[in-house]
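> Got a structure here, written out as structure tokens. Questions coming.
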Amino acid sequence: MKAIILAAGLGTRFKSEKHKVLHEMLGKPIIWYVLNYIKQSNIVDIALVVSHKKESIIEALKHENVSFFEQANPKGGTADALLSAKAFFEGMDDYILVTNGDAPLVKPDTIKGMQRFLHMVEEYEKIKVGALVLSSFLPDPTGYGRIVKNGKGDVIKIVEEKEATYEQKQINEVNGGVYMFYVPYLKEAVKHLKPSEKTNELYITDIIEIMTNLGYTCRSFMASEITEIFGVNDRWELSFAESVIKMRILENLARSGVTIHSPESVYIEPDVQVELDAEIFPNVVLKGNTVIHKKAKVMNGSYLENATIKEKATVLPMSYIKNSTVEEEAIVGPMCHIRDNSVVGKGSHVGSFVELKNAKLQENVMAKHLSYLGDVNIGKKTNIGAGTVVANFDGKQKYQSYIGQKAFIGSNSLIIAPRNIGDFAFIAGGSVITKDIPPKALAIERAELKILEDKSKVKDE
């Protein structure tokens, strides 16, 4: 089976300079979700029909294995878009999936179910289905095309809302906009397409009635969820679709053994991995290729992007971690900033208002308060006092520093990179370190304290 995605529409209701299918939900463009459910259905030969702003779509999908076809007239209608890719299904004796580029909520299992249905009909009824239409029942079907059936339950046509009779408007089964056509029958049916008298467009839905008139059987297949048939036509529908996908992700994680508190407030992107017995608290954001390992906790309001949180580690509230790793049983936060390939070693603690930039902390390092540690490797069991700064930038270049194991860096110390601080070294609080400190040495660098009696400028009133 092959697949064709129709993405040639103008998308005027988005009111955007960007093509509709490139607007993002959970960090991925709409078209990514469409491609994803097709590929997860084991369909690898995929074509995309484009027109309006085609260059941006082609550029966005340059790493995808898809073929592109251009619809010369983007107002030609959905069937005209399909015919623009006629060369893609020329010579096929199989079914072809046709779906819309703005329909990201279809599930892979639904497409697989449609494929199985076609095989069952062929096996037991010994016929080819001309068209299988994804459908759903809506309590209020206003605005949707109605699925009209005969007494045997076969679909005989799809009637759009504006053309439906009163009786047809009472039908609650609606068109989901996803089709599987048997290509030999499709090629015969499109020969009989005629433009709409009202819009002069060629509609893909007209193919169903044409196939019926040619004697071909058409059927419908019920979507497992109503939301699967919802398209994305404006920014509000984009927000709704994003919330549907997000809740699917969260439900899947929860049913796989992850505790998620107040899931409506949690944001998790599709590529994020969360393992058994991990715990996610309210207002957490997990983006990119973030991985949360077993029994780890990410607490309220934390933002993680391409972060790895190892087993039993804890991210305390309001922490920001990007492109970095927190090792087993480490604690970070609250309100810390960890970035640029930093590593917090096993059992280490990085506390409030501590920033790590390309910093590598080995096991059991303590840096609990108000510090900036940039471009530095710190040995195990070293203590970093409050207010410590490793100054890594001289205005032109950044430099690397090394602090050994079991060193003690006193509060308010300033280490001017590049520096080597040896194992077991002790730096007294308030020191400015401009030289390397050998192992086991005590380093004190302070200006002499002067007390000038009666020189205070504070007036005694």
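Numbers run from 1 along the shown chain.
Cβ atoms here come from the backbone N, Cα and C positions, even for glycine.
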> According to Swiss-Prot, Ser411, Gly429, Arg446 bind acetyl-CoA; which one of Ala367, Ala386, Ala391 is listed for that same site?
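Of Ala367, Ala386, Ala391, Ala386 joins Ser411, Gly429, Arg446 in the acetyl-CoA site that Swiss-Prot records.
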> So, in DSSP terms, is Lys20 (UDP-N-acetyl-alpha-D-glucosamine binding site) helix, strand, or coil?
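Its secondary structure by DSSP: helix.
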> How many neighbouring Cβ atoms, not counting its own, are there within 10 Å of the Cβ of Arg446 (acetyl-CoA binding site)?
10
> Could you work out which of the binding-site residues (Gly77, Gly145, Gly429) has its C-beta surrounded by the smallest number of other C-beta atoms within 10 A?
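Gly429, out of the binding-site residues Gly77, Gly145, Gly429, has the fewest neighbouring Cβ atoms within 10 Å.
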> Measuring Cα to Cα, tell me the gap between Gly145 (UDP-N-acetyl-alpha-D-glucosamine binding site) and Asp102 (Mg(2+) binding site) in whole angstrom.
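Here the two Cα atoms lie 17 Å apart.
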> Measure between the Cα atoms of every pair in Ala386, Ser411, Gly429, Arg446, the residues the record assigns to acetyl-CoA, and report the largest value in Å, rounded to a whole number.
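The span, Cα to Cα at its widest, is 17 Å.
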